[in-house]
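Participant: Annotations for this protein, taken from TrEMBL, read as follows:
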type: MOD_RES; residues: 704; note: N6-(pyridoxal phosphate)lysine
type: DOMAIN; residues: 776-897; note: domain 'Glycine dehydrogenase C-terminal'
Ligand SMILES: *Cc1c(COP(=O)(O)O)cnc(C)c1O
């Protein structure tokens, strides 16, 4: 195969090492004469697909953008006043272009390496502070997936945390005024876990019986605002915990949940500058009272110090994450919504407390003006105390009214035959108020914002907020466009993302997120569509989604795909719930055991528990494959209760297990289903299909293999793909109003989850075509095997398969070196920062190792730069072994080196400054200095600080510098 690189063929730009000479050099190093012979040896015959992918031929960037424009044009934008958890908002252009559309932000990885992540950690800490201030609860996390699933997480948190006698095993009570999609999601989770849920009107008091926890919503979906304090007090009296789902914008005017006695507040930050995106991605939030922080799901940014005592941000309480706690984890959430949380936090930084309050007051006054006009013309309102949403009683005329408004370019919410909902938002003008009023035959008084006649609709004193919020300087400084632009830039300059360096993270597939793939996501034809808009307005969206689903079916060999799950973890839960539904439909209620290999990703075990399953661990053999004797024994012991096995393929060890078909057959023979974790699909696309080699269901990670960027820890899309027999149990639609194959348990608030980022994966598939995708997979194998071959003498590759080859990633084993010299895998990870690299995956799936995945997008020069860095680091380890320097006084243990450390006039280390910062010459031109030295993990966990610290902490240190 001779490769003719052609700059207009997208695959030639997506694949980094594409020049014939480069490919030959890499092949020679591995000892193969063609990529195909390498692939034939590495990928077992038994799983290889016989025919090439039958996808549309590759299109050029120009053609793909043309098709996307045509699809966007088939969607119809409207004035979106449907509400129900989604509100139009203005994304300030400076934030849209410099955060949402800026590679420095969107190509960053989850901030597990704090030294190269201080910028996004600060932005996420701002998000937490904003949430904490607005809800008046002291500890907030750095985002959850969507509002409805955040409520489900809160319900589970209450069930874990509530140990009070009589209440612990009680039911969960949901207020009837919750978002309907929230009720559907909570019911779905509760059904799998077997606890009772009751929906009741809590404005008239609590129902009888033992209550574990209560969920209220402020304002309710009807728009109603009422004082929650009495019902919260009554719930507490009975030993229940209380969650309030609250609108952050409303909380600038309304008494926050924390001040009314709530234990937990949840909700979405969508209307803080994040487009509607046809339902997502949006950042949900959760805040808790003191004492509950250690069981808070999701990621929490905390403040610690670096080795020099400087304050430094890091992810706190990382030890609680799924990888350690597995089936005992607080939640299965891994990828969350970091990028959208950052957008929302910047919106608060941009507007400040006065700006947010002014927006809220305008929204409220427009809603009041509309209410006054409607009331004056005799239209009946369900509630007179509201923030932004009115529920209007129009007996028998709801359909007509909604249709009339739609013809005038305005979407209202059809609730039932007699009721219409109207939600005002930041984009609503006096003219829009007048147009909506006209639909009901009413005319607003005055200019549409004034208080004439609307005095009756003021918030009652007992619901009015009196406390301050967002008093921290960060929310009160960056007022001019120049200031905010520089603040955004300053933060991103502190970080390493894919726009500066390869990120060789095994299991995470940090590949190119091409600009052409990203372009469409902020076009109004995609971004400004409400998830509950009528189907006639979403033709383009549904065509794009249907096309992507069909392409993913072809790629995976499954019969049906649902794009609803908004992360891999959610795809796992959806797939396992489909398996559960299937067994139940056949009367196999006892099939609840899920076999999971020891090496599995931590989310697997956590998801199985959420699906109501019991986890049984299968041992790993010495060569890294599944221990067949143990598997046979476990199947035998549990065959009557066997629900499923969850395997990852290629395994998390980065190797193609040759007898995966036998594993699948053995499980099937015992009546179990096979779940193939498809997060490693980058090693399979075009070569093998999990739906054809034994899988019944899989999830894929579009934010890994299919080019959706990681966004500093989200968004993600984790489609679930299944064979026909499981299709009836695929995720249903949580919103009862819209139609769809609402069969299985809904998994996300909106029907298509994080729809807003699907144009990225759609474009990737179209740009590559079947052949390009297959070549990408082969190139990923080539790059991984090249790295393995070049580094094996320096850091032994732990597991290999046929022909001593790896799949798309390789595990470098440092344990022997660590035992001999004391240098740890973490030292190597931190030292790589001095070479300008993001570390590979550290200590997963095997402690004391580094897992390297170059992906197909890196060119040979960059791959060689990485290899050189690793070889130089190995030489430094040898210097420790030889006694040339002490480990404690080595460039390894002192890594990473900040600029401050090396310009200190006192340099008394056992190695020269040049070795600290310029260990290879090329760094003299392109040097990245981390803003902080190595961060102390334990200290941050002991003293958990997870909102913006008082500015003086930083000022004190600034004075140290001055001295
Ligand atoms: C990334 C990953 C997951 C989890 O995906 P999220 O989107 O982070 O929830 C699950 N399994 C494997 C093997 C993975 O690599």
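Keep in mind that glycine also has a Cβ here, set from the backbone N, Cα and C atoms.
Bear in mind that TrEMBL entries carry predicted annotations, made automatically and left uncurated.
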Participant: Please list, for the domain 'Glycine dehydrogenase C-terminal' (776-897), how many residues fall into helix, strand and coil according to DSSP.
Facilitator: 59 helix, 11 strand, 52 coil
Participant: With Cβ-Cβ distance below 8 Å and at least 6 positions apart along the chain, what are the contacts of the residue listed as 'N6-(pyridoxal phosphate)lysine'? List them in sequence order.
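Facilitator: Long-range Cβ contacts: 508, 509, 511, 568, 679, 681, 682.
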Participant: Quick one: average pLDDT across the domain 'Glycine dehydrogenase C-terminal' (776-897), no decimals.
Facilitator: 97
Participant: Through the lens of DSSP with three states only, how would you label residue 704 (N6-(pyridoxal phosphate)lysine)?
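Facilitator: Residue 704 (N6-(pyridoxal phosphate)lysine) sits in coil per DSSP, no helix or strand.
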